[in-house]
Every structure is written in C-alpha cells, then in structure tokens.
Amino acid sequence: MKPAEGVQLIVEKDVSGFEPQQEKEVGCAARVAEPFITFRDGWVAYYNQPVFLAGMGLAFLYMTVLGFDCITTGYAYTQGLSGSVLSLLMGASAVTGIMGTVAFTWLRRKCGLIRTGLISGVAQFSCLILCAISVFMPGSPMDLTVSPFADISARLFKSEPLPTIASPGGQPEMALATGMPNVLNGSTTPAHSGPEMSPEPVPLISVSLLFAGVIAARVGLWSFDLTVTQLLQENVVESERGIINGVQNSMNYLLDLLHFIMVILAPNPEAFGLLVLISVSFVAMGHIMYFRFAQKSLGKQLFACCTPDPKAVSDSSLPGNTSTV
C-alpha cells in the first residue's frame with residue numbers, strides 16, 4: 001500500500017502545483033489611465049518613425065475648406081451657381097483626381113517615391129494660389145468688418161418672434177420671413193411690403209478662380225496622398241504598422257474636425273475668404289513638413305534629375321527602411 005500512497009502524494013503535489021493563480025484585480029485608476037497610456041504609446045511610436053513629418057504633412061491637408069463638401073457647395077449657392085453647374089464641376093474634379101493617380105504611377109517610375117510627393121505638393125500648392133487670388137477679385141464677398149461672432153450671438157441669444165398676420169378666423173398666423181406670398185388665406189399679398197428690387201448679378205470672376213484652383217489642385221492632392229500612404233506602408237515595421245496607421249487616421253480626422261469648427265466660428269459668406277487663406281496656409285505648412293522630410297531622406301540628391309532603377313520599389317536612402325523587395 002505504500003507505493004500507492006506515494007503515487008497519491010505525487011499526484012496531489014502535481015495537482016496543487018498547477019493550480020491556477022488568481023488574477024490580480026485591476027484598480028479603477030488603472031482602468032481610467034489605460035486609454036491615455038495607449039494613446040501615449042501610439043504617439044511615441046508614431047513620432048519615432050522616419051516618415052513622421054510626411055504623415056503630419058498629409059494630416060495638415062485635411063484642415064481646408066477647399067474641397068467639394070457641403071461647405072464649399074453652400075458657398076457656391078450664395079454666389080449664384082446652380083446645381084447643374086456644381087454637378088459639372090464635381091465631375092471635372094473626379095476626372096482630375098483620376099489624372100492624379102495616373103500621374104503618381106508615372107512620376108514614381110521616373111523620379112522615385114519621395115520626389116513624387118515633392119512634385120505633387122508643389123503642383124497642388126501652385127493651383128491653390130488661384131484660390132487665394134480669388135479672395136481679392138471682384139465678386140468676392142469677403143468683408144472683415146462683419147463680425148461672425150456677432151452673428152452667432154444674435155442667432156443664439158436674441159430670438160425674436162416671427163411677425164404675425166390676422167387670419168379670416170381671427171387666429172394669428174405666422175408670416176414667412178422670406179418674403180413669400182401669404183397663400184394660407186387665399187391672398188397673394190407678399191409678407192413684406194415695399195417696392196420689388198431685383199438683386200444685382202454677382203460677378204463670377206472670384207468664384208470661377210476659386211473652383212478652377214480647387215479642381216486643378218486635385219491632381220497634386222491625390223498623387224500626394226498616395227505617396228504618403230505608400231511611404232507609411234513601405235517604411236514602417238510590420239509589427240507597428242497598424243498602430244502607426246491608426247495614429248495617422250486619428251490625426252487626419254482631428255484636422256478635419258478642426259476645419260468644421262473653424263466654419264462654425266465663421267459661418268457667414270463674408271468670412272469665407274478668410275477661411276480660404278487659412279486653408280492655403282495649412283496646406284503650405286503641410287508641404288513644408290514634407291519638404292523637410294524629403295531633405296533629410298535624400299540630402300543633396302533631392303533635386304537630382306536621375307532615373308531610378310526600375311526594379312527598385314522605393315528609395316533605398318530612406319533611413320529606417322525595412323521593406324523587402
């Protein structure tokens with residue numbers, strides 16, 4: 001019976017040795033601090049990448065009102081453009097965007113990936129100069145004497161009731177504030193009396209230059225976007241690629257959010273010209289960051305007009321390049 005007891009003691013000892021350890025309970029403070037620690041670690045990893053300045057340059061391009069979104073189309077309606085004209089302009093913008101993707105492949109084959117981003121940035125900024133010029137051309141509603149903050153305070157805090165008119169039944173009815181005729185009681189009398197004045201036509205020089213610059217800049221914009229995205233894919237370690245792309249997307253959305261906040265602070269058409277100048281400034285800062293990245297990467301070979309090896313996928317002179325061909 002002794003061997004059996006010995007076996008039983010060994011088994012009991014082995015079983016007791018593999019008892020699952022109790023997990024340490026995570027405190028409330030640690031749970032609260034965990035997202036901030038993750039945010040810090042992601043930013044540190046993003047900052048230490050050799051393509052940090054290129055990624056920041058791309059993020060700065062999102063701080064702009066110079067695109068075919070609701071803001072620019074709303075401004076176009078205030079300038080007298082119709083929906084059909086805007087549709088044609090959007091179609092032209094899509095065509096120039098496709099041209100940008102074609103230009104990216106051709107420029108990369110001829111000049112290399114980093115030089116492609118530099119050329120694309122110069123092309124985009126050169127086209128956006130037309131948008132900056134349009135602010136000072138005839139037809140531009142820019143007027144810095146009109147305070148957008150006064151308009152916001154008037155709309156938020158000074159709520160005046162709409163004027164009322166008497167209906168046939170004796171009950172008051174709301175009159176439309178847009179000058180539309182009162183058709184509720186069968187009358188065609190306008191809600192606002194006074195001599196009818198036809199609005200003067202707005203000169204289209206300013207808005208034409210604005211949309212010409214926006215449409216032409218799409219070639220450089222799409223090519224630059226593809227360049228930075230390719231740089232992030234090729235020059236980031238595979239184990240950190242998801243973290244870096246996540247931080248990059250966060251920066252893009254943050255700058256996009258800031259441009260909407262900027263429009264909320266200055267919603268009137270008189271301030272749109274100022275928003276255009278701020279947008280062009282942010283685009284310029286983004287391309288300056290990319291130029292600094294290209295200068296650190298290529299050095300004196302940045303402006304060299306040489307054709308790279310067609311078999312090379314990316315510039316071998318990029319520091320920290322871990323991609324395999």
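Keep in mind that glycine also has a Cβ here, set from the backbone N, Cα and C atoms.
Curation plays no part in TrEMBL annotations; they are all automatic predictions.
Since this is a predicted model, take the numbers as computed values, not measurements.
Pulled from TrEMBL:
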TRANSMEM  51-77  transmembrane segment
TRANSMEM  83-106  transmembrane segment
TRANSMEM  118-137  transmembrane segment
TRANSMEM  202-221  transmembrane segment
TRANSMEM  242-265  transmembrane segment
TRANSMEM  271-291  transmembrane segment
Cβ-based contact of the transmembrane segment (242-265) with the transmembrane segment (51-77), 3 or more pairs under 8 Å: yes
Contact call for the transmembrane segment (83-106) against the transmembrane segment (271-291), three or more Cβ pairs under 8 Å: no
Listed stretch, out of 51-77, 202-221, 271-291, that has the most CB pairs under 8 angstroms to the transmembrane segment (118-137): 202-221
